[in-house]
Amino acid sequence: MPVQCAHKQASTAMAGGLFSMEHPWASAFGILGNIVSFLVFLAPVPTFLRVYRKKSTEGFSCVPYVVALFSCTLWILYALVKTNSSPLLTINAFGCAVESVYIILYLAYAPRAAWLRALASVLLLDVAAFSLVAGVTLLLVAEPHRVKVPGSVCLAFSMAVFVAPMSVIFVVIRTKSAEFMPFSLSFFLTLSAVAWFFYGLFTHDLYVTLPNVGGFFFGCIQMVLYCCYRKPKAAASVAILPTTAATAAAHAAEMELPLAALDAAAVLPVLADLPVLADLQKLEEAMGSPRKSAIKAI
């Protein structure tokens with residue numbers, strides 16, 4: 001029992017303020033995770049500036065930002081229940097503010113049908129689901145075990161969303177083009193996963209460590225695929241460029257991040273790339289075989 005208490009006190013000390021001279025490595029990786037996650041959270045800014053200028057969401061989906069906001073609120077709850085987790089608390093508080101601004105801008109310029117879907121998603125996930133998790137944690141679970149509830153939810157949620165890059169990976173392999181998978185985004189998401197993995201490792205926090213193993217794995221796969229398919233074949237370019245749907249999909253891929261949203265302790269990958277695959281399938285059906293599509297484009 002004394003050993004467990006000492007271990008808990010050490011973990012709490014390491015997870016404390018943004019920097020601790022007693023545990024420099026945990027502090028260093030916590031600060032690095034904050035810096036990288038800060039940049040990733042701001043990645044959609046150019047796209048939302050375009051939305052503001054055009055006064056239109058251009059058919060984009062709000063789901064990644066709703067999910068990212070939900071993820072940030074979960075990690076804030078976890079950090080507050082655990083206590084002394086300043087790196088997690090600061091970056092996810094910033095993430096909540098940024099994602100809220102994105103969602104408000106989306107609601108301001110979305111058409112009525114998309115506006116209703118986005119509002120329903122916010123109420124269902126960010127209000128109802130979070131209230132349920134917070135209520136169970138604070139009202140139904142004894143204090144010594146409270147951290148396990150938000151921690152387990154964060155772990156399961158983060159690992160689930162890390163499967164999301166499979167959709168964009170399939171698109172890259174199918175089209176033999178990395179157009180929908182920017183290298184810089186994959187690189188920073190992988191770097192973020194590495195930073196938070198080591199922060200969790202040095203603070204003995206499995207709820208932070210484990211999901212970022214998946215983030216590192218999928219990030220490396222995306223970067224390898226980018227190196228293999230960074231130069232698309234001419235036939236693929238001829239088939240995709242003339243279509244309005246494909247152009248919108250390219251903008252959507254640029255805009256919709258890890259879930260960017262984004263999860264600070266486990267930064268989230270792109271969730272909404274399935275419409276890209278659907279557009280490519282519709283394109284093939286409308287234009288026939290790849291050879292016919294090339295002829296039509298000429």
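Quick reminder: no glycine exception, Cβ is built from N, Cα and C everywhere.
Bear in mind that TrEMBL entries carry predicted annotations, made automatically and left uncurated.
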Range annotated as transmembrane segment - as stated in TrEMBL, picked from 208-229, 252-273: 208-229
Intrachain residues whose Cβ lies under 8 Å of the transmembrane segment (208-229), provided they are six or more past its termini: 88, 154-155, 158-159, 162-163, 165-166, 168-169, 172-173, 175-178, 181, 183, 186-187, 189-190, 192-194, 196-197, 199-201, 265-267, 269
Chain residues outside the transmembrane segment (121-141) and at least six past its termini with a C-beta under 8 angstroms from it: 62-63, 66-67, 69-70, 73-74, 77, 81, 103, 148-150, 153
Recorded stretch that, among 25-49, 61-81, 87-109, 180-202, has the most CB pairs under 8 Å to the transmembrane segment (153-173): 61-81
